[in-house]
Amino acid sequence: MSKVRIYTLAKDLGVDNAKMLEILDGLGVAYKSVSSTIEEDTVELIKQILEEEGHTASAEPAPAQASGSPASPAQTEAQEAPQPTATATAEREPAAPPARELPHRAPVVTIMGHVDHGKTSLLDYIRKTKVAAKEAGGITQHVGAFEAKTSKGKIVFIDTPGHEAFTTIRARGANVADIAVIVIAADDSLMPQTREAIAHAQAAKVPMIVAINKVDLPQADPEKVKTDLTQLNLVPEEYGGDLIVVPVSAKTGEGVEDLLEYISLTAELEDLRADPQGEFSGVIIESRVDRQAGVLATVMVQEGTLHVGDFLVVGENYGKVKAMTDSNGGRIKEAGPSTPVQVLGFSEAPSSGEKVVSVKNEHAARELVAQRVETRREAENARVQRKKTLEEMMGPLGETRTVNLILRADTQGSLEAIQGILARKETEDVKLNVMLAGIGSPTEGDVLLASTADATILCFNVTASGSVKKAAEQRDIELKSFRIIYELIDEVDRLIKGNVEPVFEERPLGRAEVRMVIRHPKSGNIAGSYVTDGLLRRNAKARVLRGKQVVYEGTIVGLKRFKDDVREVQAGYECGVNLDWNDVQEGDIIEASELVEVAQA
């Protein structure tokens, strides 16, 4: 019995992929994605359902929207469903007017992978074949991104292949790419930078598509690549997983159309939308200083529309858009979502990954920049780093915590031994997530990944260079090197212990009898007391007993011996106790206690 891919059937029947998945869900048919295959009898059932709904199957694909974006299920059904009769309309409850749906936007794609696996060659082939000849001939400057026109619409490619650029942008809190294409050479399979690229894409939580390049070579072995991917828990669809794997050749063009088709399908499922009428916001892709023109910055528009004449603020820098150039080198007056543009107008070159916003005028731009400068100066002067609360560091209480790790070792054997130990160290409360494990010294790319994923870098028998250590210090990343395996294990134990929900018990410190109440104009009532047992300590927990009843629970905010502030007072001495509570009375008993963390096995 023949099988057919879901997206192929949707295309042949002229329906939206989302509609097709909706029907399959109703039939209880299992699938991984729109590229999964279904049986012929299921195809017949789908056709019957569509006919009952009044849809006429078409041998030709449904026409693409003018914008090139995939239609939403609601739009598709509105176009395909028969018009209701007056009787049917009268029987329905009056529906509230639907909220304005945001239009779809083009996907933004980044290409990553190991050096020499063909990232740039693949981009060059796509640019050569998917950018109109007259436009391609007009490209005079590199703007960091380009638009490819396909049968499914526009796809934007970030033209700076490599995970370093991708993660540099993410490290500043910006997400630009919607989809990551991991390029792997069919004759080389997984290499260190391949694993790094995969780790970066996973940390960014963007959908991944694997392009197995160089399949035209005689020594190409795509099956080995697929098998190797399963070792990273990335299972190709044909093996029963959900990873899309596409064999391609950047040299001959084989499979490139399929790759673009899969990118469009993934984007459709992600349902990417943006409001061109909203407030403008974007991200700096790259910037440079041109000797003649001045500062040129490539901006990826994410929301709203950017116009010539707009005032922009990025970091502590602002400027007015004097001119804009699209990815084909042409002058434009405005740019909507998912459009990369080169902007002329900044006085200083902004950094990759910085967020860009628009303001009404120059006065507003100056005010916003001044506010940001003041905020930074206050932070610098105070030299205070905001300490994370226990819940921020460890997640909500009662949930499993995840400790992200990056491992570097001198040999593959050492790596495997360490990973085996880590697997045995996991507990119900703490999960150890090795984001990246590689042979050799840590890199600045590791530090970038650690900064975006809040990871710790552990090195065994390898040392970090001065520049990597400096980068780790600047980003406040824990980077530790070990020569003895047991020391590394001790560090892992420390990390686990630091992520286990602490258990505290209350232990008594001492008791005091209130013998007189002293009225103080600033501090309120002070309890003149005599310590009968143990000791009282400043900042200790306190409760006040009046007879057998507890009348107050709080903290000892201050202790005095005569006129001196003291930290604690032992039994047999008098003192003044400030409870920040004015109802204390003679004869009350103050009991002090402290919370002590209980050691856990």
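Heads up, residue numbers simply count up from 1 along the chain you see.
Heads up, the Cβ atoms here are built off N, Cα and C, so glycines get one too.
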Stretch carrying region 'G2' according to Swiss-Prot (options 138-142, 388-392): 138-142
Stated Swiss-Prot location of region 'G3', expressed as one of 151-154, 159-162, 499-502, 519-522: 159-162
213-216, 277-280, 333-336, 537-540 - the one Swiss-Prot records as region 'G4': 213-216
Sequence-remote partners of the region 'G1' (113-120) [C-beta within less than 8 Å, at least six residues beyond its ends]: 161-162, 182-185, 188, 191-194, 197, 213-214, 250
Confidence summary for the domain 'tr-type G' (104-273), mean pLDDT rounded: 84
Neighbourhood of D116 (GTP binding site), C-beta criterion under 8 angstroms, separation at least six: A185, D188
